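Right, one structure below, let's go through it.
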Amino acid sequence: SDDKKAKAATSSVLTKFTQNQIQEMKEAFTMIDQNRDGLIDVSDLKEMYSNLGTAPQDSVLQAMVKEAPQMNFTGFLSLFSEKMSGTDPEETLRNAFQMFDSDNTGYIPEEYMKDLLENMGDNFSKDEVRQTWKEAPIAGGKVDYNAFVSKIKGKEQDDA
């Protein structure tokens, strides 16, 4: 039955991620699902981007949800697993930030980046965010997220 297929698809997608990643994805999904109906659609994306202070054209938004006009969490995971298969964590982080950079400027508003880091579950405590922030590549209230990701990742290697 379709139900069985859907369940199988869900579980195979879930096996590609660690529990931690799934938790993070859930939080990202919830951040984007502005009306909390369990589905991401064009209106959610619109809302999210307007909260970011940008407004991509409808055609851009439509293209984003073209594959799945009403995307549930599983669909969201599938999309990510396709994008992530074979990518390294650095790439994954970059891609995540890129989603919030609709004009592909390479920058995200500082406040938004802070929110993002603090809301990503237990990954970063306020102190860690503050610590990382001291070294973050910020100019004019915008964060260069590519440099930022390299910095975070470089840090992890130093600690290892």
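Placed from the backbone N, Cα and C atoms, the Cβ positions cover glycine too.
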Which of Asp44, Asp58 shares the Ca(2+) site with Asp33, Asn35, Asp37 per Swiss-Prot?
Asp44
So if I measure Cβ to Cβ from Asn35 (Ca(2+) binding site) and keep only same-chain residues at least 6 apart in sequence, which ones fall under 8 Å?
Ser43, Asp44, Glu47
Here are the binding-site residues: Asp33, Asp37, Asp44. Which has the lowest count of other Cβ atoms within 10 Å?
Asp37
Three-state secondary structure of Asp44 (Ca(2+) binding site) from DSSP?
helix
Need one number: mean pLDDT over the domain 'EF-hand 2' (88-123).
73
